[in-house]
């Protein structure tokens, strides 16, 4: 063996093992440290010629990737952070209803960015006796289409911070097919134009968080790579850690350059419908009704059973989320929770007309580009809201109904030069939602109606 080792030589320059400092073996080939240095220089020269950005080594790549983007936007200060009442007033302009949830969000977001401003002043870093402030992530619970994502988007718009939406259903535990949890941070980084400092003050909304609930209360039954495994992977990110994010996304591997992001200043808002959670709470509230009880006890239990789902969720406790499938460590990192109410017909009517980006205003703006004034009768708005409420998909149903209703209108009106105004009536809505597509009146009839 010693004789064999003495004859080892570099497959590229021919130098023996004794003539070089290090000889690295591959499958049937060898390369010395001098040839490796030469290859590195050649690659660096090519990068300089093609990009005009010299990069000397993989270690310098990591440093430059982390520090190449300095934030051009100033960090928040106590003077610039909007107060909770100001935050709620801004939310009121965009989101209809959900008063309790907006109040919870306003206070939580204000405290979070006040904490960042306090750390930015250096008080929390230089004074060892100062109280350290920890962040409080937020959990939004509510049915589909009730405004969970819109609330988070509106907050990001007000605070002028990067905002990214992630789908928890695509995440899997490391080593399995699917997305790594670090890809969530990559989306935020892309929204911040790859500005690391700016991204570290952003907001991430993790949607469908209820879909990663553990499939069974027994944690040892089977490997749950898209449920409990994802919760475990998210723990450190929610709490605050320095994560290595691949700039191009995808799976991480040991030899790629990564961007380091500190998640301790990122606000995570998790949202989900949590279908069936009210049954878990109801079971706990009505547990005392089993067996022989006084009449007043049975009455209280019967009243609990009669509570609506939204009312039941106001009695939500952490143990209920554990029974639903979230692990205690995960719940502990999302201490602030808010329950959103399902939208009734009256709220859906308001959504159609009141917010800045209301659907009626959007379609009126679209037709105004064709010099046509579009109006909706109040009865028509009411009928659209009632149909959306019947479909039980919340505010998302509104756009679908109006798109279907306006299809023929949007097709014909741009070609009609002498039509300047069109009114959507309840009759049109009723006939459309009843399964009949109402044909548009002839051009001369509409003109006659308009002149009349």
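Even glycines carry a Cβ here, placed using N, Cα and C.
Of the candidate ranges 20-49, 50-79, Swiss-Prot annotates residues 50-79 with the feature region 'Disordered'.
On the 0 to 100 pLDDT scale, the domain 'ClpX-type ZB' (1-51) averages 77 in the predicted structure. Neighbour list (residue 143 (ATP binding site), Cβ cut-off 8 Å, at least 6 residues apart, same chain): 273, 340, 342, 394.
Of all the Cβ atoms in the protein chains shown, 27 others lie within 10 Å of the Cβ of residue 146 (ATP binding site). Apart from the site residues 10, 13, 32, 35, the chain places the Cβ of 11, 12, 14, 15, 20, 23, 30, 31, 33, 34, 36 no farther than 8 Å from the centroid of the site's Cβ atoms, the recorded Zn(2+) location. The distance from the Cα of residue 10 (Zn(2+) binding site) to the Cα of residue 149 (ATP binding site) comes to 60 Å. Residue 150 (ATP binding site) falls within a helical segment according to DSSP.
Here the Cβ of residue 144 (ATP binding site) has 16 other Cβ atoms within 10 Å, regardless of which shown protein chain they belong to. All chains included, 18 other C-beta atoms sit within 10 angstroms of the C-beta of residue 35 (Zn(2+) binding site).
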